[in-house]
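Take a look at the structure set out below.
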């Protein structure tokens, strides 16, 4: 069986988004950054110095990248077609498999190398503009817009359903995700968006693409696109800042990591884990043949599997969230096996949390997102399914425009939206229940989920799947840690909103002076506030026994 090189369309299908489209970008700029990057590439596991010397001298290979996973190193080599023997160049341009590699057996023992085809680098001459992030077509623009977090004012029947039907807004009485850091691996981020920037943490190694890691490792805006930003808006958009979006965990910290290939996802996962986040999400799902781990054609995915295993082994309390994807087929036992979620049944991968998709049927009721009558295999038949998945919203999630100057909000579709939604849910839970393990949290989410009819999808009468109920899961989580529900809710404080000499907002009450945590963008130090020097009512949380935060955590505030 000979494996074709992945085309751009095939590479795009690896993402768990729906209806992805492409726009052009500067080919010359990419060539200038990485002039020798070619389709011909070789991946070697644990190479010795002699093997690398032979490959680099005789075949003029260039070391493109190195990946250290535990005690094993993987090396990615690139070849120029002009420097290869003619027959080998032809083989490399088509595919790598046993027969194609006979020429290399004269150079080094087969036991010393593994093969990998990355095909054309997906960053070359492409930019991401996902069509699944679209303008709300049901809305009519009124004479004047009155945006707030929970309603854009555009009148869509779907507006806010994904928070309302899941109990997110009720869950905010207990948590807004404070003190939790979330690493998110995706493609297409933007800086300076007012819904995210305040809580975005970017360091030296957030861009893990081959094209940009060496020259601009902290630039998360390369390559261009907005899929990653849209994901963050679903999970973590700001509260009460006058823009028509609020995410599930609006006060969690986010760390974006850029990756566009299997190799880069493995690199990004290791880089993210090194930052010690409370949870990691990666918006990727890859279709494989059953038994792929023993097939030569799929060896390029082995480093990612090893990277996942390595991260989870050393971080036993770290949940890793992945989407189920949108082909309307089982994640295992069907025509394909969906990686990495298919690993979750193995003991060493129990921290993996897969997320299936739910739609808002006719603007009236949640239902499993499944369309078996659509005669296509690409990203439109609904959610993949399987045992152990948690089900979350996946259609018509209204979010702010990725362009902060655009007034009409977007909508996001696919399990690309479900996965960051679930990352936000985990942030709410871990903010208040830090002692719960990933397995315990998954069990809470499954047990408190609302049963949705899945008889058609699962071909079994009476079958259901658990639709996440965030408030119930959070209450169960608090009770599991022995916490009083009433005392865990946001409390009300009254006093004068003022500002100290450091520019921090404070609440002066008859009994004490409380520093306010900057949980809202307009409460940050140095920003003016319309209620400054007035009597206000604040709902929030004082220092909790399980928290090191001294300031008053603000849920909302208003005139007294």
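Each residue, glycine too, has its Cβ placed from N, Cα and C.
Residues or ranges marked as signal peptide in TrEMBL: 1-21. Under the heading domain 'Peptidase S8/S53', TrEMBL lists 177-261, 389-452. What TrEMBL records for 186, 227, 416 is active site, charge relay system.
On the structure: features taken from TrEMBL.
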| residue | record | DSSP (3 states) |
| --- | --- | --- |
| 186 | active site, charge relay system | strand |
| 227 | active site, charge relay system | helix |
| 416 | active site, charge relay system | helix |
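Listed in sequence order, the residues of the same chain lying 6 or more apart from residue 186 (active site, charge relay system) and placing their CB within less than 8 Å of its CB are 227, 228, 231, 256, 257, 258, 259, 282, 283.
With DSSP classes pooled into helix, strand and coil, the tally for the domain 'Peptidase S8/S53' (177-261) is 17 helix, 14 strand, 54 coil. Neighbour density at the Cβ, taken as the number of other Cβ atoms within 10 Å, is lowest among the active-site residues 227, 416 for 227. With helix defined as DSSP H, G or I and strand as E or B, the domain 'Peptidase S8/S53' (389-452) counts 29 helix, 13 strand, 22 coil. Mean pLDDT for the domain 'Peptidase S8/S53' (389-452) in this predicted model: 93.
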